[in-house]
Amino acid sequence: MNTLQGPVSFKDVAVDFTQEEWQQLDPDEKITYRDVMLENYSHLVSVGYDTTKPNVIIKLEQGEEPWIMGGEFPCQHSPEAWRVDDLIERIQENEDKHSRQAACINSKTLTEEKENTFSQIYMETSLVPSSIIAHNCVSCGKNLESISQLISSDGSYARTKPDECNECGKTYHGEKMCEFNQNGDTYSHNEENILQKISILEKPFEYNECMEALDNEAVFIAHKRAYIGEKPYEWNDSGPDFIQMSNFNAYQRSQMEMKPFECSECGKSFCKKSKFIIHQRAHTGEKPYECNVCGKSFSQKGTLTVHRRSHLEEKPYKCNECGKTFCQKLHLTQHLRTHSGEKPYECSECGKTFCQKTHLTLHQRNHSGERPYPCNECGKSFSRKSALSDHQRTHTGEKLYKCNECGKSYYRKSTLITHQRTHTGEKPYQCSECGKFFSRVSYLTIHYRSHLEEKPYECNECGKTFNLNSAFIRHRKVHTEEKSHECSECGKFSQLYLTDHHTAHLEEKPYECNECGKTFLVNSAFDGHQPLPKGEKSYECNVCGKLFNELSYYTEHYRSHSEEKPYGCSECGKTFSHNSSLFRHQRVHTGEKPYECYECGKFFSQKSYLTIHHRIHSGEKPYECSKCGKVFSRMSNLTVHYRSHSGEKPYECNECGKVFSQKSYLTVHYRTHSGEKPYECNECGKKFHHRSAFNSHQRIHRRGNMNVLDVENL
């Protein structure tokens with residue numbers, strides 16, 4: 001067994017990728033690569049390797065993509081580096097006690113037990129034939145012992161006229177075009193294709209001027225072996241038969257069947273034990289790698305490495321557009337697409353494009369219906385792991401995301417970010433048609449339809465169209481709703497309040513007010529009676545000074561001062577500052593009245609209307625005048641009444657300047673200027689401005705009719 005001729009360098013254990021090759025790796029392979037390379041470098045440092053930190057290590061530590069530029073020389077493209085692939089795999093899978101078949105000198109193959117430490121594995125493995133170890137560099141004249149030293153000694157990398165490989169088009173120095181052969185037999189192109197398919201990675205490369213010092217035939221055959229991946233062949237230093245192919249057929253068969261690790265849960269197979277172990281953690285939930293800062297656990301070491309950077313304050317990558325900073329260059333690259341609008345990933349099903357591949361993968365689950373993340377509590381499944389995590393907090397009650405301004409907490413980070421805009425006033429979404437800004441992308445989407453007049457939701461029953469799915473669903477209830485619940489006592493039908501209706505027969509009033517002892521049949525009537533909650537009112541409107549004890553009330557009130565009305569009705573064009581207001585308004589068009597009175601069966605479009613209506617049956621009048629003690633069933637009636645004490649008359653006529661205490665009085669008065677007389681007598685055709693005058697006139701006809709009847713009876 002030969003040992004290494006010369007010191008161990010980082011290039012002897014490094015594997016490089018071009019940008020194209022790097023993009024072909026899946027995320028797990030990239031993480032594994034990062035772990036292995038960083039571990040290899042740490043081993044070298046631990047045994048005394050002392051030199052400038054390689055660029056690839058710097059890139060990996062900073063989270064950058066470690067692929068090399070076209071002009072750089074890739075470490076893995078020498079024959080020894082290909083043998084080092086086995087070395088790296090054994091370091092990664094150090095639990096596997098048996099080493100792979102080792103290269104041997106003079107056509108002899110040795111197989112022996114390897115130790116798990118890096119130094120023992122490396123020193124016991126002969127990487128290249130002894131006959132090609134000692135060479136002089138043609139550029140600098142140095143006498144070098146190892147291929148890695150020979151390759152790295154020259155910085156010029158001048159290229160001479162090359163020969164060309166007829167299989168892949170790569171160019172090499174030397175006259176003889178060598179082939180895979182044994183006893184003159186040439187392997188077919190089909191067999192070469194099979195070798196390409198069983199290769200883990202395709203690694204094309206070029207050699208520089210320094211490689212003229214080596215046997216050109218050996219270099220060219222080493223290039224052909226790049227399509228094979230594993231190195232089961234014997235090394236031979238006897239000239240043209242540099243690689244012996246006697247074991248090729250057996251190796252080819254073993255490679256095509258080389259996925260011995262099968263998952264018993266899902267049946268997926270793996271060629272590497274390390275990947276199989278990582279995959280199993282997806283089923284077991286095992287997360288052995290814990291962050292020592294926040295305690296968060298991960299199933300892969302590479303994922304933990306990336307996570308640790310989130311705790312670092314250093315964010316060297318800054319966006320020139322918006323100033324946002326990132327700790328990884330990859331994150332900056334992805335962020336820049338939000339400004340450029342670049343979306344390189346397209347869905348083959350619907351044509352929708354995305355700026356990140358992960359977003360495309362998640363979107364495609366909408367088409368496939370795949371929901372791989374089930375909740376252990378309720379069995380509900382989700383297409384995203386983050387959605388499952390958010391959902392599970394609804395079972396635990398945990399709210400991790402807290403607003404620093406008002407202290408309100410949320411299950412989801414995205415909900416917190418949206419909420420914080422109510423404090424900052426940020427409106428990042430702009431309409432390209434009119435330039436209006438919105439705080440949520442959903443608001444912008446709804447608004448944009450007002451420009452397009454798009455109404456994609458059509459009712460199959462009546463043909464009516466809607467621009468909102470929610471409005472369409474509410475409208476359908478008009479056609480499908482039936483009174484299917486019959487009271488066994490009186491035969492009355494009630495879809496919504498059958499249980500409450502039964503209590504009316506039992507004369508049971510389960511809802512009692514703790515303040516006055518009054519009882520109610522239904523919870524809605526009880527809620528309407530209860531006094532407002534007492535306590536500190538910490539939210540003050542800076543426009544009118546009004547106080548609120550809940551942020552949601554304050555937010556809704558504040559919009560009454562602003563001109564923002566992002567919610568537009570697709571039917572009549574009326575706009576609203578709150579989505580709930582639009583929701584209620586649309587019932588005017590759909591005819592939906594979901595709130596039913598359990599007493600008389602009357603339906604209402606709003607719950608507040610039902611609550612007020614209930615007071616007719618209960619006789620409740622919760623609003624009392626502090627001046628005279630008169631009580632009212634509605635707050636609006638109390639407000640109007642109070643003006644009789646204060647003398648306030650806020651409604652002024654634009655024509656004559658006369659003022660009124662009620663808006664209805666102003667409306668009636670305005671008819672004297674417009675000449676409108678909406679009330680017409682069916683008897684004589686006379687018209688009136690006021691209903692009261694019309695009613696008085698009607699009495700004249702009724703009295704006249706009574707006199708005629710009296711005369712006829714005489």
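For all residues, glycine too, the Cβ spot is worked out from N, Cα and C.
Noted from Swiss-Prot: of Lys329, Lys352, Lys357, Lys408, the annotation SUMO2 cross-link belongs to Lys357. When you go through Lys161, Lys287, Lys315, Lys455 in Swiss-Prot, the residue listed as SUMO2 cross-link is Lys315. Swiss-Prot lists zinc finger at one of the ranges 102-124, 217-239, 539-561, namely 539-561. In this view, Lys357 (SUMO2 cross-link) is surrounded by 13 other Cβ atoms within 10 Å of its Cβ, with every protein chain counted. Here the zinc finger (317-339) has Cβ contacts under 8 Å with residues 62-65, 306, 309-310, 355-356 of the same chain, all six or more residues outside its ends.
Residues 443, 446-447, 449-450, 455, 466-468, 470-471, 474, 556, 559-560, 605-606 of the same chain, all 6+ positions outside the zinc finger (567-589), place their C-beta atoms under 8 angstroms from a C-beta of that stretch.
Within the same chain, residues 446, 449-450, 570, 583, 586-587, 590-592, 594 sit at least 6 positions outside the zinc finger (457-479) and bring their C-beta atoms closer than 8 Å to a C-beta of that stretch. Counting residues of the zinc finger (595-617) by DSSP class, helix then strand then coil, yields 11 helix, 4 strand, 8 coil. If you take the C-beta of Lys315 (SUMO2 cross-link) and look for same-chain residues 6 or more apart in sequence within under 8 angstroms, you find Thr325, Phe326, Cys327.
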